[in-house]
Amino acid sequence: MGATTRALFLSCFHGGGGGSEVSRRLALRPRYPSMPRRPKGAAVAGGGGGGGDLEAAVGGESEEEEKVAVFSVSGMTCAACAGSVEKAVKRLPGIHDAAVDVLGGRAQVVFYPAFVSENKITEAIEDAGFEAKLIDEEVMEKNILLCRLHIKGMACKYCTSTVQFVLQASPGVQRASVALATEEAEIRYDRRIVSASQLIQVVEETGFEAILLTTGEDWSRIDLKMDGVLDERSLMIVKSSVQALPGVENIKLDTKLHKVTISYKPEQTGPRDLIEVIESATSGLVNASIYLEADGRDQHRYVEIKRYRQSFLWSLIFTIPVFLTSMVFMYIPWLKAGLERKVFNMMSTGELLRWILSTPVQFVIGRKFYAGAYKAMCRGSPNMDVLIALGTNTAYFYSVYSVLQAATSANYMSTDFFETSSMLISFILLGKYLEILAKGKTSEAIAKLMDLAPETAILLMYDHEGNVVGEKEIDSRLIQKNDVIKVVPGGKVASDGFVIWGQSHVNESMITGESRPVAKRKGDTVIGGTVNENGVLHVRATFVGSESALAQIVRLVESAQMAKAPVQKFADQISRVFVPLVILFSLLTWLAWFVAGRLHSYPNSWIPPSMDSFQLALQFGISVMVIACPCALGLATPTAVMVATGVGASQGVLIKGGQALESAQKVDCIVFDKTGTLTIGKPVVVDTRLLKNMVLREFYDYAAAAE
């Protein structure tokens, strides 16, 4: 009965079908001694609720009447949480055994239905402070998927609000969250109503470019780079041979990048099989390897950083002379005389020089803002680019008008704002450059998490009789399910799995926080990225790629960065109407100037008032439009959340989003369940005190003897 129970236990956790031996070895050990097999006394009748006849249960129940149920448990963050859930379940009558997987967020319970029901178990878990759902109910919701999109072209918080609004309004979308800092969207949708490709189309209809990262489907995706003879015939051979491989769902060829994207079921095939099929089908004419930049996000960010840096430096080259001639040289007498020398009528040398230098900044270096403003106005959602274009163009074209008036008049005193437009563009480019640098640094912590996994692994090869006949070093990303990996002393475990041979101690502190090495022997599970301290282990891989514990931790951090803090949600609501209100306010400012001119300066005509008041109103309107941009409002909170969650993850602290950070300010007491996570994990003498006079050497002898 024990073997049957163990097999049932793990078949639920790791897929069920087929590998009873694997499932048995992966079974979680109970954290507490099992409760009695059956409740004693008649008191159990009240706790039944299982729909069974108590008399029949007591009189004729056999071991085969045990039932295994698997529950999805959310809210668990550590081993202590798992212990709380397990203890709460085992307190119920009729519980034979229970095991909790904190990484998978699941609980398996073996119980007697005559004494306790699934509803009672669910209530017990919820009473312990966690959310629970029977897996059978969860299966009904398998049509609800979570996909991630990389969105290009978002310039400010108003852009993200627009994208999020159209996604949320799409049929079949339950929840959509868009982050400007990561340039990603996370969408929870019903695949029976809408597909991932339709969601991409919805985003692109708003004027942005969307790239699918993950779809939430029950298959993995890999990008392979192809080198060699890539004519039409070889590409057709590659496509047909890969599609014929069991488990392959979809294949997409990109001839420009020499890349093939393959979707497959990890239970049936893997990246190593795909590479072997491509190379063997083409007789070695095409070599395949893992595409290092699968989604292109890092390369895109690098190109963007380089582009903004170059734009800012070129803008600086033109803007500094404009600033000096306008703000500094005017206070140096001999330079002032040269700048005020007239060229045509009242147009001076300084004005002509500033006009020439500011024009490239306005129309060449700043062309990005024109393109962004045009796209924003076409989709009816004015953003930061619209504000910048309006503000700088107002300053520039008024300055051009003023200079031309001076060039055609013998007594017109002109005033230009060329330094305003060029300096504003330079400052905004600097801000964009720093913003993109900050975005890149926030992802460094996640990259450090992924670096916990080793780059290579030692793959063991077996003959038909199960004997080891050789070993080969492979890229750890090529590990497939059921591969046997050799882990040497001091090496990292390349994949999640269980030990099939050997004994050792494994340091799991980088994953679990437990400083003391954990003893491992045949049948024990190991986690990818942990360090083997002594002894050689043979590990059979069970969870690879996106299914590994390390990948789940990375997804947890990414989801936390996507989650919005309460204050950020409030800022999003403001930023959605902020840009139109700023534009309206600026237009009202200029309208008020004309009204004031008619009512006060010139009550009997519509002739404009003095140019001094116009210049003041112009400066005020430009300042309002350019400075009152919602970028700081929309970027401050998400950038802080990304930095905090990323740095915390690199230090071994997982933060569940902005809401947890916002609530942390109210914390006045922190309780840790073990000191090993805070210290070096072993007792150390920090102070000594002698209560009587004695020889120090004798005291040391006593202390050593006591130890």
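Every residue, even glycine, has its Cβ placed from backbone N, Cα and C.
As recorded in TrEMBL, the features of this protein are as follows:
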REGION    31-57  region 'Disordered'
COMPBIAS  44-53  compositional bias 'Gly residues'
DOMAIN    67-133  domain 'HMA'
DOMAIN    145-211  domain 'HMA'
DOMAIN    220-286  domain 'HMA'
TRANSMEM  311-332  transmembrane segment
TRANSMEM  352-370  transmembrane segment
TRANSMEM  382-401  transmembrane segment
TRANSMEM  421-438  transmembrane segment
TRANSMEM  577-596  transmembrane segment
TRANSMEM  616-636  transmembrane segment
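The transmembrane segment (352-370) shares more Cβ pairs under 8 Å with 311-332 than with any other stretch in the list 311-332, 382-401, 421-438. Taking DSSP states H, G and I as helix and E and B as strand, the domain 'HMA' (145-211) has 22 helix, 25 strand, 20 coil.
Across all of the domain 'HMA' (67-133), the predicted model scores a mean pLDDT of 84.
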